[in-house]
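Read the structure below first, then the notes.
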Amino acid sequence: MSFSMSRRQYADMFGPTTGDCIRLADTDLWIEIEHDYTVYGDEVKFGGGKVIRDGMGQHPLATRDEAVDLVLTNAVIVDYTGIYKADIGIKDGNIAAIGKAGNPLLMDGVNIVIGASTEVIAAEGKIVTAGGVDAHIHFICPQQIETALSSGITTMIGGGTGPATGTNATTCTPGEWNIYRMLEAAEAFPMNIGFLGKGNASAKEPIAEQVRAGAIGLKLHEDWGTTAAAIDACLRVADEYDVQVAIHTDTLNEGGFVEHTLKAINGRVIHTYHTEGAGGGHAPDIMKVASFPNILPSSTNPTRPYTKNTLDEHLDMLMVCHHLDPSVPEDIAFADSRIRKETIAAEDILHDIGAFSMISSDSQAMGRVGEVILRTWQTADKMKKQFGRLPEETGRGDNVRVKRYVAKYTINPAITHGIAEYVGSVEVGKFADLVVWHPAFFGVKPELVIKGGMIAYSVMGDPNASIPTPQPALYRPMFASYGAAIAKTSITFLSKAAFERGIPDKLGLHKIVKPVGNIRSLTKNDMVFNNAMLQIDVDPQTYEVKVDGRLITCEPAEVVAMAQRYFLF
């Protein structure tokens with residue numbers, strides 16, 4: 001017997017469906033659901049008098065062999081692969097299936113079997129994204145990890161050894177001993193982690209030994225001397241071992257200008273950190289490197305988006321992070337050369353047109369580790385407010401823009417650092433790192449952060465209350481953040497050379513260990529929704545930025561979305 005209900009009633013019960021639109025937080029961004037993989041009339045829902053009961057939505061005979069370990073029901077998935085509604089089945093810590101969950105004895109189209117061994121997360125009315133990948137981490141303090149996790153970041157790539165002066169300025173874990181100790185420290189955290197070694201040496205062996213020790217990539221930083229010889233040696237090692245190189249170029253142009261750096265790179269793939277220049281790099285025209293096919297460009301979140309306070313904040317920030325002395329005129333000039341309103345304004349637009357491919361934090365070293373996702377969506381909203389819908393949009397929503405921006409902190413950094421086989425998207429076979437959001441809090445405060453198929457962080461009320469919701473509701477670590485569960489639900493990434501040398505056994509690592517790879521053949525064309533290669537020029541006198549001969553600029557925002565109304569308490 002059929003039953004008719006209004007869209008409003010349906011959305012309230014099972015969540016929105018195909019053609020429905022959802023507003024993201026308090027922004028002007030809307031998503032339109034492109035497809036619904038659940039089956040009308042056979043939807044699953046947990047609760048008293050609901051569907052997921054023995055012999056109904058739950059298969060009465062299915063053992064663990066047939067059933068999934070966890071199912072997220074009626075989720076709206078926001079991913080580079082699409083914006084759609086589906087159930088998500090998780091088994092052995094991986095995404096086993098996406099589609100229709102339930103009992104195939106009674107229901108049509110079931111590809112996710114719910115049984116007695118299945119846990120349920122009710123995701124109707126919620127948005128699910130892949131866990132974020134922050135590929136610009138200074139590992140200055142371990143408390144960064146819980147801050148990042150509670151914001152929806154589940155993978156951190158960078159370098160450091162704690163609050164050492166070198167780490168405060170550069171993302172390097174230098175040398176075998178330091179790499180080993182940091183790999184051991186990573187065992188304690190419910191976070192996927194990969195470390196970058198120091199790439200600043202003009203000979204290969206001091207660099208190569210760090211890759212063999214476990215570094216998944218190398219960092220070239222001007223504070224260690226990013227000379228042409230160091231760039232070439234580092235990239236030769238990277239080509240040999242199939243790892244990525246991240247570069248922070250020479251702000252002062254002491255060793256050469258941007259053209260000399262490009263000549264030293266010589267067409268080899270490289271990840272350019274804070275390509276906008278405010279975080280460092282050839283002044284004033286580092287951003288022109290984003291024109292080239294071998295450059296995978298990212299920028300960091302303090303300049304995201306450009307607001308009326310951005311310039312004032314950056315000067316003091318820069319002085320501290322790079323160990324500069326405000327009483328030394330040359331140090332002041334160094335700082336001033338980086339902070340340019342014209343290039344920061346252009347950065348907004350270069351992200352919006354897909355010329356800049358990634359956004360990361362630069363944690364505690366001119367960046368906020370818990371605001372990568374927040375500032376990504378603030379940038380997207382500012383661009384829509386100032387320039388309207390993208391011309392590529394076809395439906396009622398902002399789906400193209402949303403896919404472009406979600407890719408900046410999920411799939412693209414995963415591709416760049418050779419880990420997209422494991423993380424970075426909501427796809428079958430990938431590690432089940434998922435973030436559940438209420439639409440009103442999307443991008444600001446997640447409800448649940450799932451690591452490897454188990455809840456690692458959540459908003460949780462008073463533990464002494466009779467129900468989970470009474471105040472104070474705070475972010476608290478959940479069971480995947482404790483004990484041996486950490487090792488089963490989080491990944492340590494290593495170079496293939498270290499993996500094959502048996503470094504995990506040598507150090508007694510218990511976390512899941514995965515090798516990185518498929519890096520050295522990458523080009524900007526591999527940056528999903530963010531592969532625009534345009535001619536970018538910066539006027540050396542006025543700092544004005546032109547793209548294909550056209551001036552690009554925008555006004556600073558006076559007010560941003562996703563801000564004070566969410567952070568009163």
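Cβ coordinates are placed from backbone N, Cα and C, and glycine is handled just like the others.
Binding of Ni(2+) 1 is attributed by Swiss-Prot to HIS136, HIS138, LYS219, and the same site annotation extends, among ASP362, ASP381, ASP398, ASP433, to ASP362. Residues LYS219, HIS248 are recorded by Swiss-Prot as Ni(2+) 2 binders, and the candidate that the same record lists for that site, out of HIS260, HIS274, is HIS274.
The record gives HIS136, HIS138, LYS219, ASP362 for Ni(2+) 1. Within 8 Å of the mean position of their Cβ atoms, the other Cβ atoms in that chain belong to ILE137, GLY158, GLY159, THR170, THR171, ALA246, HIS248, TYR273, THR300, SER360, SER361, SER363, ALA365, GLY367. The binding-site residues close to HIS248 (Ni(2+) 2 binding site), defined as a CA atom within 10 A of its CA, are LYS219, HIS221 out of HIS136, HIS138, LYS219, HIS221, ASP362.
Inclusion criterion for the binding-site residues HIS138, LYS219, HIS221: a C-alpha placed within 10 angstroms of the C-alpha of HIS274 (Ni(2+) 2 binding site); this criterion is met by none of them. In sequence order, HIS136, THR170, THR171, LEU220, HIS221, ALA246, ILE247, THR249, THR272, TYR273, GLY279, GLY280, GLY281 are the residues of the same chain, not among LYS219, HIS248, HIS274, whose CB sits within 8 A of the CB centroid for the Ni(2+) 2 site.
HIS221 (substrate binding site) counts 25 other C-beta atoms within 10 Å of its own C-beta, drawing on all protein chains shown. Each of the binding-site residues HIS136, HIS138 was scored by the other Cβ atoms within 10 Å of its Cβ; the lowest score goes to HIS138.
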